[in-house]
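Annotated features, as they stand in TrEMBL:
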TRANSMEM  111-134  transmembrane segment
DOMAIN    112-567  domain 'Major facilitator superfamily (MFS) profile'
TRANSMEM  146-165  transmembrane segment
TRANSMEM  177-195  transmembrane segment
TRANSMEM  201-224  transmembrane segment
TRANSMEM  236-254  transmembrane segment
TRANSMEM  266-286  transmembrane segment
TRANSMEM  361-384  transmembrane segment
TRANSMEM  396-417  transmembrane segment
TRANSMEM  450-471  transmembrane segment
TRANSMEM  483-503  transmembrane segment
TRANSMEM  515-535  transmembrane segment
TRANSMEM  541-563  transmembrane segment
REGION    592-613  region 'Disordered'
COMPBIAS  603-613  compositional bias 'Basic and acidic residues'
Amino acid sequence: MDGYRVAARLPGLEEGLTSACDLSPSGGLFNVAPSVDRKCTQGPTAPSLVMGEESDMMEKPLPARIIPMRELSTQSSPGTPPLPQDDYRPQLARTLSAPPYTIFTHRTKMFIVASVSISSLISPFGATTFYPALNDLAKDLHVTPTLINLGLTTYMIAQGIAPAFIAGMSDNNGRRFSFIVCFVIFTIANIGLALQTNYAALLVLRMVQAFGCSAAIALCTAVVADIATSAERGKYMGYATAGLLIGPAFGPTIGGILDQYLGWRATFWFLAIFGGVLLVMFTALFPETCRNVVGNGSIPARGVNLSILGNIQQRRHARETQSEKGLDQASIQLSAKRRKIGFPNPLRTLKILGEKESCIVLLYNGCFFTGMIGFATPIIPVLYEEIYGLNTLDIGLCYITMGMGSLTSALTTGHIVDWNFRRHAKRLGMTITKGKQQDLRNFPIERVRLEVVVPGHVVGTLALLAFGWTLKFKTALAGPEVALYFVGFGVSTAFNITNTLILDLHRDRPATATSAVNLVRCLMTAVGAAVILPMCRAMNPGWAFTLVALVYVALLPVVFLIMAKGQKWRTELADKRDRAQMAKEAAVFVVDTETSSTHGRHPSNEEGKVARP
């Protein structure tokens, strides 16, 4: 039984001593019976016994019970005083996984992170490159700018739903396959958008485009979880999501230049070319990182999970010695046997929304991200043209300041997050070994992450408030631009760190967890993009963003609530899963026992059985 062992009182040993006996013939931990015939003997010189052989040393069947590993590690004998809670928790927290978390070198990891960071640009580029061309697009298609903004809403809805289908598949079949599927869909959709001539086609193809590019965000953070331990994840998350966060700034700039000199169709041709380049790059160079497929990187990839470069390297290594070739082939066959084809299952994403702590973190993450992408970004083309009389190119350039704020956050806060992790680990007496994953069961990971969120939350809220009122009073252009820099910094800080926390809470299914982030974030952003312009028309920008700021002030206590209650909720959820696993394994054992009794054999004597006359 995974995560459980059998504890038995051994007669003849010091009273109260507890020992754990492995009941699995293959070394696993499963099939625990109410009583066990397999005996534990004292001392290293005890003779081994053949199943079915009698001996004086054999005692009566030893009573056994199922004990969770967390309970077993803290048990003591009746004569020994129990360990205080503060004593054993740091001891548990020091537990590290034996093998290296990943065999990828630092140089390879940086290449992987840089690749996924570039790939994450397709989502914000797809959403924002045509922002400066909104007015031109509305004129050519004979619709209002509000209807064109509705295209952004449908884009965000599709972008939120799509990862729920792709992410689960990537957790089973690998990241490379999912990346390739996304890039193919994205490229084809942009070719269609460049050729379309009516509003209905625009809406439909924008949804297809969103389906192709949105999953790249979930895959981006999942790759970070594959190769980075919790102690270093903040830094790598900052680098990996830099593309996602600076894309909303540089996308409109590129779109403005293209629209100014080549027309709005050129923006979609640019995106099609960009998607094609990513498709070629990932097919040729990107290694498989999914831990369900290649483990820590030591299991050879095969098929679509193997890049062209990886295939060349594998063949070269296989030719070095025959023994190495045989080992590689055995590993390939083992990985192929264990891995089953996984089909899209969006229900896995919805299950994460049903968990108390994850749901609260996701709602906070989505609300805060909406401030930058759903509220500030969509109104810039319309209001900047009305207030400052800017042309398409100038409007595109105005997005750069927000991108620089996001980039500053990506390059700095990740290091602060990792420093805070080390600070808490040192305070708890937890040893951090480079390349080894940490046990977070009794570690306050919520507090460690969210302590860094609070300053970003405050900065982002004040910056959004300032942005609205500088537009209301029509200050110099520098006013809203400075505010946009701090909007980018504050919102990106909160978004990045809560993303990292979600990965910490769902280590075994990072892509599925990130797809839940994407679902909530995109649906909220879609609502924000649909309502912000009518709000500014009805209330003026100052009061509209004051209302947004008040919502964010109300969200701040949620951060402190998660810090205070998060670890307790996480423990309760783990205990619930343990009980469900125990019940499942117990039911399997009952079936096995009945089957074994029917065939006249004991369930504990399934291997090495000696036939009796």
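Glycine is no exception: its Cβ is also placed from the backbone N, Cα and C atoms.
Because TrEMBL annotations are produced automatically, they should be read as predictions rather than curated entries.
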What else in the chain is close to the transmembrane segment (266-286), if you only count residues 6 or more beyond its ends and a Cβ gap under 8 Å?
112, 115, 118-119, 121-122, 125-126, 129-130, 133, 176, 179-180, 183-184, 186-187, 190-191, 193-194, 209, 212-213, 254-255, 258-259, 307-309
Surrounding residues of the transmembrane segment (541-563) on its own chain - C-beta under 8 Å, 6+ positions past either end:
357, 360-361, 363-364, 367-368, 371, 375, 379, 383, 444, 446-447, 450-451, 453-454, 457-458, 460-462, 464-465, 467-469, 471-473, 532, 535
With pairs 6 or more apart in sequence, are the transmembrane segment (450-471) and the transmembrane segment (396-417) linked by at least 3 Cβ pairs under 8 Å?
yes
Between 146-165, 201-224, 361-384, 396-417, 515-535, who has the most Cβ pairs under 8 Å to the transmembrane segment (111-134)?
201-224
Along the domain 'Major facilitator superfamily (MFS) profile' (112-567), what average pLDDT does this model show?
84
Stretch among 146-165, 177-195, 201-224, 361-384, 396-417 sharing the most Cβ pairs under 8 Å with the transmembrane segment (515-535):
361-384
Sequence gap of 6 or more, Cβ distance under 8 Å, 3 or more pairs: do the transmembrane segment (201-224) and the transmembrane segment (146-165) meet that?
yes
Contacting positions for the transmembrane segment (361-384) when only residues 6+ beyond its ends and CB under 8 Å are counted:
124, 127-128, 131-132, 134-135, 145, 149, 152, 156, 248, 252, 352-353, 390, 394-395, 398-399, 402, 457, 460, 464, 467, 471, 484, 487-488, 491-492, 494-495, 498-499, 501-502, 505, 516-517, 520-521, 523-529, 532-533, 536, 541, 545, 548, 551-552, 555, 558-559, 562
